[in-house]
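Down below is the structure, laid out as structure tokens.
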Amino acid sequence: MENCLSTLVFLLSIALVLFPKTGVSFLAAEGASDSDSKVYIVYLGEREHDDPELFTASHHQMLESLLQSKDDAHNSLIYSYQYGFSGFAALLTSSQAKKISEHPEVIHVIPNRILKLKTTRTWDHLGLSPNPTSFSSSSSAKGLLHETNMGSEAIIGVVDTGIWPESKVFNDHGLGPIPQRWRGKCESGEQFNAKIHCNNKLIGAKYYLSGLLAETGGKFNRTIIQDFKSNRDAIGHGTHTATIAGGSFVPNVSFYGLARGTVRGGAPRARIASYKVCWNVVGYDGICTVADMWKAFDDAIHDQVDVLSVSIGAGIPENSEVDSVDFIAAFHAVAKGITVVAAGGNDGPGAQNITNAAPWLLTVAATTLDRSFPTKITLGNNQTLFAESLFTGPEISTSLAFLDSDHNVDVKGKTILEFDSTHPSSIAGRGVVAVILAKKPDDLLARYNSIPYIFTDYEIGTHILQYIRTTRSPTVRISAATTLNGQPAMTKVAEFSSRGPNSVSPAILKPDIAAPGVSILAAVSPLDPDAFNGFGLYSGTSMSTPVVSGIIALLKSLHPNWSPAAMRSALVTTAWRTSPSGEPIFAQGSNKKLADPFDYGGGLVNPDKAAQPGLVYDMGIKDYINYMCSAGYIDSSISRVLGKKTKCTIPKPSILDINLPSITIPNLEKEVTLTRTVTNVGPIKSVYKAVIESPLGITLTVNPTTLVFNSAAKRVLTFSVKAKTSHKVNSGYFFGSLTWTDGVHDVIIPVSVKTTISM
């Protein structure tokens, strides 16, 4: 770690957490000359007062002092951050940026860089249903949904690509007045009329474009930005994520007949505020800038949202102190009681690629659902095999051919077999009727134009290839896919889901939690060519993130005084370590294995259990100060971030003592002792006993082994954990757990330990 705040807030660009494409060539070149102005974010820390006009005036004055001209200062200023924190975005040359960074009130100057780009059954699967399910007896009229009136008083802020407001998922039927605390607004714009398109469901709609335009010549060039100059969603991503988090009930929805059911969000009566920061740039899934993101966070803090759902992130961590969706802006939101839920990224299954790793973010991994779309393949010898697809018929009956890497095969009118193709467009226009694609298992299904793609694994693919090579005139029949819910489909951590350990702060476990994020059905923009009646199946941690955001909205309704850290603790300590049906959860990858904390954090989110966790590992500003101090940040910088004088203790606090609902020891030499503090949020008189599952070769001891809560005044207790290794050589990570149980509540935290032997 670097011992300076500048590295702490090193924020690169922001990209939708979907799938990667190429770089952004139309933006200002990295090697621009000093005379070229670019966007820089000048961060000044916590606000010193509550008058936003005074902040804007002071930002103008600082720029005027730098540029020696009122007009130049006015023209330079892009955004003034004035609600959640103090700072501004401005067009500056590199020398001007360097000069202003030396101002005594400036904490850091951050370049507004942009990089390349890298959701129906979900709620039944998680036991969060209006009707009881086989997995959760508590999902009834007394369940979390009903206890919170489905989140009717919660406000979910969605920072994304905007909203398609006409979608039925944003109807406000049966909703009461907008919560009185709401201070936001709807902004009209291109094909978006605030008076028509906003209602008691969609209560906020804003868009942020200045940061992007400043990087692209200052004009809204429609040959580059093919989007609406408003909150209207041209991509569909924001509409999809908003649906998952808080969409209203829409019955009898399907994707070409598949996955039929009722679409709704996790908090179906919650209010939605949409903050559009990502734009449809030609050749990309969506482009967003840090400057626009900061302003959206700033406004959301002012608007008083309860949770921010952010399916956005930077790339794989490199050398930055924090590779985060927005480290500083998110910190200020959390400090003001807003839970920020962020996508962990889609760079799995390799290790150490988790993004959005700040300790105050709730970082989400993605799992599959217990749902599949089996597709019957019948070979000409009457052998029947099963694959998966989104093919909905009618039945295909053709000759069958193998397409090798040279593609030197007559494929017209045939079904072809391919292995590991990543270029489906390569067979377009060649008259192919269907494609059977053999690949490693990842549960990712797709439709490619009008050609049906049938997905299978290598074993079945090899079986089909053997049939082709031993048959004079091979043929195949492909039946329409069907929808299968429940067993035998297993819950798995998705292959694409980014994994820990946390390469930025190894002692901070990331991801925190996992949720369904594969083939999630939700509303999209009808402009999406793959949409069916305004709905689509998307995959990514972009989809698992709003699942958790919707659950947080319900928890906030039930426990309005809980902090964001308490919310996270409730999710982590009550999560499923097996699937809801009791089967093991595996992690997809080159070698399928049982999932561990680096795959899914605490486990698969369990909404009803999280409502009554018993104990929580709470955190506040003091814990975040300890985090910064333990990483070596100087007192003056921390003081400016917090807006009050702060002094780190001597010796500096241990990062192992940060009160997380997890224990991660990345370099255990012999033994170490750490502390945790729990807050009783259950019955006043409770007794909890420790149950330890030590990692292999590690001895864990807890002191005390019993926690006795006997009064309202005694709700907070601290305990210590000693970890001692018996390994004689450097080891990889081994995993265990620590559970506090009172016979009703099992409060479980994951333990991850790696032994490091000094040379």
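Backbone N, Cα and C atoms are what each Cβ position is placed from, and that goes for glycine too.
What Swiss-Prot says about this one:
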- 1-25: signal peptide (SIGNAL)
- 39-117: domain 'Inhibitor I9' (DOMAIN)
- 122-611: domain 'Peptidase S8' (DOMAIN)
- Asp160: active site, charge relay system (ACT_SITE)
- Asn221: N-linked glycosylation site (CARBOHYD)
- His237: active site, charge relay system (ACT_SITE)
- Asn252: N-linked glycosylation site (CARBOHYD)
- Asn353: N-linked glycosylation site (CARBOHYD)
- Asn382: N-linked glycosylation site (CARBOHYD)
- Ser542: active site, charge relay system (ACT_SITE)
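Asn252 (N-linked glycosylation site) sits 38 Å from Asn353 (N-linked glycosylation site), taking the Cα positions as reference. A Cα-Cα distance of 7 Å separates His237 (active site, charge relay system) from Asp160 (active site, charge relay system). Separation of the C-alpha atoms of Asn221 (N-linked glycosylation site) and Asn353 (N-linked glycosylation site): 35 Å, rounded to the nearest whole number. Note: the Cα of Asn353 (N-linked glycosylation site) and the Cα of Asp160 (active site, charge relay system) are spaced 22 Å from each other. DSSP assignment over the domain 'Inhibitor I9' (39-117) gives 31 helix, 23 strand, 25 coil. Here the C-alpha separation of Ser542 (active site, charge relay system) and Asp160 (active site, charge relay system) works out to 10 Å. The separation of Asp160 (active site, charge relay system) from Asn382 (N-linked glycosylation site), Cα to Cα, is 49 Å.
According to DSSP, Ser542 (active site, charge relay system) is assigned to a helical segment.
Each of the recorded positions Asn221, Asn353, Asn382, Ser542 was scored by how many other Cβ atoms lie within 10 Å of its Cβ, and the smallest score goes to Asn382. In the three-state DSSP scheme, Asp160 (active site, charge relay system) falls into the strand class.
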